[in-house]
Amino acid sequence: MSDDQQYNQDKLSQDFQNTSIGSGEQQQQSYQQYQQQPQQNNFNANSAPTFTPSGQQGGYQGGYQGGYQGGYQNYSQGGYQNYNQGYQNYNQGYQGYQNNNRGGYNNYNNRGGYNNYNNYNQQDQQPVQNQGMSLADFQKQQNAQANLNKPKKTLKLASSSGIKLANAKKAPETESKEATPAATEKEATPAATEKEATPAATEKEATPAATEKETTPAPAKKEATPASVKSESKPASKSTSKVATKESTPVTSDKVIQEQVDEVDEEVVKDMFGGKDHVSIIFMGHVDAGKSTMGGNILYLTGSVDKRTVDKYEREAKDAGRQGWYLSWVMDTNKEERSDGKTIEVGKAYFETEKRRYTILDAPGHKMYVSEMIGGASQADVGILVISARKGEYETGFEKGGQTREHALLAKTQGVNKIIVVVNKMDDPTVGWAEDRYKDCITKLGTFLKGIGYAKDDIIFMPVSGYTGAGIKDRVNPKDCPWYSGPSLLEFLDNMKTMQRHINGPFMLPISGKMKDMGTIIEGKIESGHIKKGGNLLLMPNKASIEVVAIFNETEQECDAAFCGEQVRLKIKGVEEEDLAPGYVLTSPLKPIKTITRFEAQIAIVELKSILSNGFSCVMHLHTAIEEVTFIELKHKLEKGTNRKSKKPPAFAKKGMKVIAILETNESVCAETYADYPQLGRFTLRDQGTTIAIGKITKVL
C-alpha cells in the first residue's frame, strides 16, 4: 500500500469527469485503473474529521469503492450481464437527470453503482461531525485487510468482506449466522471469510438492501452518531443478513421446507378436535328393521337434536297417523320418506360423544335403492346391521330376496370390515326380551357373516330397543334382560380400536354428491391425505385444476382444514357443477389418482342364475362411481382354499367360483390397485337388481 495516497475532496470531481458514461470499454479501463491500486483508504490524522477509515461505507471511499468496486465485483463474478445492467440503469438515470426529469433523477438516485456518489454529495452538505478512532483500532483493521490481500489478487475479496466485517462489528446481534464466523476468524482464515462473503457479494449490486448497507455509517462513527443515524443502520444490517442467508440456502431446501409445512402431525389433529377422532357409521338392514328410528334416537340421546324438535316431530307424526314413526323423522326429512315410512336416499347426520365424533349414514333398506346403499357403505368405517327380532320380520329380511344378507355382503365388499349386529325391537310384545329368540337370530346370521369373510373378532352382537333407547346409550336394564351384560351400542363405539388414517398420504376424495349454492359444492369422504382452505387440487378424470374456496365439516361449520376419514363439503372454483358426477375424484396434483378403462381383477361370484363368460356385461360399483363393465378375458380359475391359479383359462364362471379376469369400462374411471388403496381398489358387480360378484383390482393395464 503506498503512503502518498490521501483523500482529496477535489480529486473526486476530477475522477467523475474523467469517467466516460458513453463507452463500456472506457468504463472498464477506469475500473482497471482502480483495481491496480490495492486500496484507497490510507490513514491520515489530519483528515480524521471528514475521513471514514473503514474504506467501505460513507464518505468518498464508501461512494467510490462501494459503488465502483461493488459493481466491478459483480461484473467479474456474475459475468458481463450484471455489470452491464448496473451500467445501463445508470445511463438511463443520467439521461433522465440531464433532461431535468424528476422520475429519471429518482432512478439515478436509486439504481446502479453510482448510488454512493450521491451519498457523498449529501454527506458534503451535512455539518461536519467529530468522528474519532484510536490509532490501535485502525492499525488492527488495516492488518486484517492486508492479510486478506497477501497471497491472492483479491482486491474484490477485501472490499466485499470488509463490508461484511464492518457490519459484523457494528451490530452482531442483527447479523446472520454466516457473518459471525466471518468476523471471528477474519485474521486466521481468509479462505473461510471468502466463502462466507461471496453469497452476499454476488447480490450486493442487485439488492436494494445491500446498497443501503453500503451507505450506512462505519463502526467508528457509531460512537458519536446521533440516534437518527443509528436507527438507520439497524434495518440495513437486518435486511442484509436476510440477503446473505437467502443466497446461501440451496434451492432444493425450499421444497423440503414446503413438504414439512404440508406434513401434518397427528398430534396437531388431536389438539384441533380435542383428541377426538372421526368415525363414519352406516345403518344397514332390511326395510322396516328400525334403522332410521334408531338413528333418530341416538341423535336425541346424545343431544344433537333438542327435545323441542323431537316433540314437534311427535305431534306431526300423530297428526299424520304415524305415531310410532316420529323418531325416524329426525333422519327421514323429505315428505315421500315420511309418508311411506321408508328411507330413499342415504340420510346423513352428525353426533358427538365424550370420546369421538360420528357421522351416521342411514342407508335405504328397500331393494330398489341398493345402489344408494353401496354409495353410503363405501364411505363408512363401521357397519351397524339392524335386524328385527319381531316374528316374521327377521325371517323376511334374512331369506333370499331380503336385504339383510345383501347389505352385509355389500358392506364387506365396500371395505366395512367391522360389523355390529344390533338385534332391534327386543321390547316388542312378540319377543319380550326373550333370550331364545335372540340366540335364534344371531346363530343363523353369524354363520352367514363368517361365510362372506368377516373374522370372528369383527362381528359383535347386542340386543337393543331403538324406540325406547334401551341398550343404545345406557346398558340394558338387568330386570328386563338379565342374560345380557355386555356394553351398550355407544359405549362399544367409543371404546373401539382407533382407525388407521393416512393423514400425510396423497389427497383423495371420491365425490358422492354435488350441489350449487353460491358456487359449486361437492361432498364426500376424504380417503387419504388432508386439505387446507385455499389448496389446489386436480379433478380426475377431467384433469381440471381446482381451488378449494371453503371447507365445511359435518356440522356445516366452515373450517380451515380437513383430514383423512372425515365427511366434508368443499366449495370449489375452476369447474361448473354440471361438469361433475359422482365417482369423480378430487386428488393431489403431485400424485394424482389413476384413470383407467382396462384392468385385471380377482373376482368372487356370489350369486348368479346362469353362467358368465367373455363378453358378459354388468354394472360395476367402485367407491362412489357406477360404471358399465365388460369381461374381456377370463384368465385363471382359482382353486378353493389354496387360491392356486389354473394353467388353462376357464371357458366360463358360475356361482361359487373365484376367477382372475380382465375387465373393461366404457368410460374412464378413477381407481387404484387394492394393494395400494383398498378403498379405491375394491368393487361390486350387479346385474338385474342383484349383487352377482365382488372383486378387487390387482393390476392396472
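Glycine is treated like the rest: Cβ placed from N, Cα and C.
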Remark   = Range annotated region 'G3' in Swiss-Prot (choices 362-365, 486-489, 526-529) is 362-365
Request  = Among 285-292, 309-316, 573-580, indicate the range for which Swiss-Prot gives the feature region 'G1'.
outcome  = 285-292
Request  = Count up the helix, strand and coil residues in the region 'G4' (424-427) according to DSSP, in that order.
outcome  = 0 helix, 1 strand, 3 coil
Message = At a C-beta cut-off of under 8 Å, are there same-chain residues at least 6 beyond the region 'G4' (424-427) that contact it? List them, or none.
response = 289-290, 294, 386-390, 393, 433, 438, 463-468, 470-471, 480-481
Task = Indicate the candidate from Ala363, Met426 with the smallest number of other Cβ atoms within 10 Å of its Cβ, considering only these binding-site residues.
result = Met426
Query = Given the binding-site residues Lys291, His366, which one has the fewest other C-beta atoms within 10 angstroms of its C-beta?
reply = His366
Ask   = Per DSSP, how many helix, strand and coil residues does the region 'G1' (285-292) have?
value = 2 helix, 0 strand, 6 coil
Key: Length of the line joining the Cα atoms of His366 (GTP binding site) and Thr359 (phosphothreonine), in Å   = 22
Task = Work out how many Å separate Gly285 (GTP binding site) and Thr359 (phosphothreonine) at their Cα atoms, rounded off.
result = 18
Mean per-residue pLDDT computed across the domain 'tr-type G' (276-501) = 82
